[in-house]
Amino acid sequence: MRTKYFSLLVFIIVLASNEVIAKKHSSTPKLRRSDFPKDFIFGAATSAYQVEGAAHEDGRGPSIWDTFSEKYPEKIKDGTNGSIASDSYHLYKEDVGLLHQIGFGAYRFSISWSRILPRGNLKGGINQAGIDYYNNLINELLSKGIKPFATIFHWDTPQSLEDAYGGFFGAEIVNDFRDYADICFKNFGDRVKHWMTLNEPLTVVQQGYVAGVMAPGRCSKFTNPNCTAGNGATEPYIVGHNLILAHGEAVKVYREKYKASQKGQVGIALNAGWNLPYTESAEDRLAAARAMAFTFDYFMEPLVTGKYPVDMVNNVKDGRLPTFTAKQSKMLKGSYDFIGINYYSSSYAKDVPCSSENVTLFSDPCASVTGEREGVPIGPKAASDWLLIYPKGIRDLLLYAKYKFKDPVMYITENGRDEASTGKIDLKDSERIDYYAQHLKMVQDAISIGANVKGFFAWSLLDNFEWATGYSVRFGLVYVDFNDGRKRYPKKSAKWFRKLLSEKKRN
């Protein structure tokens, strides 16, 4: 009965979505700050490896992304790496000034694990220079009236732990992550009141252990011949399991040792697109439900029920899906104060026969996920092929989370679009303004229906190192000149946000 109920729920939301599939917007919606609740937070986001630079300075140890991009430049589209990135390590005061200038009330950043613990664990010692850097950043934010939202892990596993036991493939990572999170809470929690344990664990398992296009670059050979090792049928589920347990242990530490005195909140940032059925058939509707089970629900359901989604349990055969002990399940249930949602795009899902050969996390849902239907894209394409613009998906995803997962407090922790890097300083990004206006309008719609959304973070404050695509695309509200001292130039979209947010001050 439970499965039928939730499948029906998916059908209802999918039917609501179908009314405007691939609808083109002819104009930018007009928004006012007063369209959102008074306490609604607007901010911008970055991550450590993408913007900090200073990869080999002040005692920082290497992460798997240093190894992946520096030792194997052919794995990055333009052969670059994040060793300097946007140089926020040295220019953080300027970046905080930009946040203040735009009018943002919060900044979501991540902490570099290997900058705090160069060898990944307590045995390797704590790097005081790393502690000092984040203290300085946090204090600078607060001096400008900007709330820090800190992410503890944004994909940059210390290389030492990867060498020792395979990083998140090894069960040992759970305790090492708990210790690392403990250090963060102890040193920064008196001022940081909003924490995210993990950023996009789904991307870690999909791109790092199935597709093999992101660090540590593991996959089955039949998926990607460039992978030298890996197993897309088993490793993703083990890594995902350890990520979930690491999250649970970190939340447990905070609640037991720090919450009473620091009075902060701990959540997680999950990414997902919305999945619409390819056709109105019952089979495709079920395929859309399974696609959600293997993406958003994969990491959300254990935090609500202590169990994996039923569709995962049913579809992942041959004992490949780990199970939680009763103790672990109890720890995980309710292990969040809020949920961060990273949304960029949506897809169609089509029912396909379940595969018995060349099985991976991608084939287990028995659903073909595509951005096109009969040759027509679900929405206009940004610079990246995967980013098809479908604003209504953000509304439907928020309502899905509300109704299926006990009405959680939610923040949009990432949302944005990219443009191709041309080598010329181009600050006229009207298409980005249109993207944000359309998505914010849909967030506002979700709130009006009852979604408990408390804030919105634009991705990204700065042009940065965009993982496997390097510097070939730009997501920033602020242009960074990577050829001239990392100079910053606010784009038209930054000025659009400033105008939107200045209404509150005028009123």
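Cβ coordinates come from backbone N, Cα and C, glycine included.
Worth saying up front: this structure is predicted, and the values here are computed from it rather than measured.
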Candidate in C184, C227 joined to C219 through a disulfide, as Swiss-Prot lists it: C227
Most Cβ neighbours inside 10 Å, all chains, among the disulfide-bonded residues C219, C227: C219
Q50 (beta-D-glucoside binding site) CB neighbourhood, other CB atoms within 10 A: 25
Among C219, C227, N358, which are recorded as recorded positions, the nearest neighbour of Y344 (beta-D-glucoside binding site) by Cα: C219
Which of N81, N226, the listed glycosylation sites, has fewest other Cβ atoms within 10 Å: N226
Additional residues around beta-D-glucoside, ordered along the sequence, whose Cβ is within 8 Å of the centroid of Q50, H154, N199, E200, Y344, E414, W459, E466, W467, F475: A45, S47, N342, S460
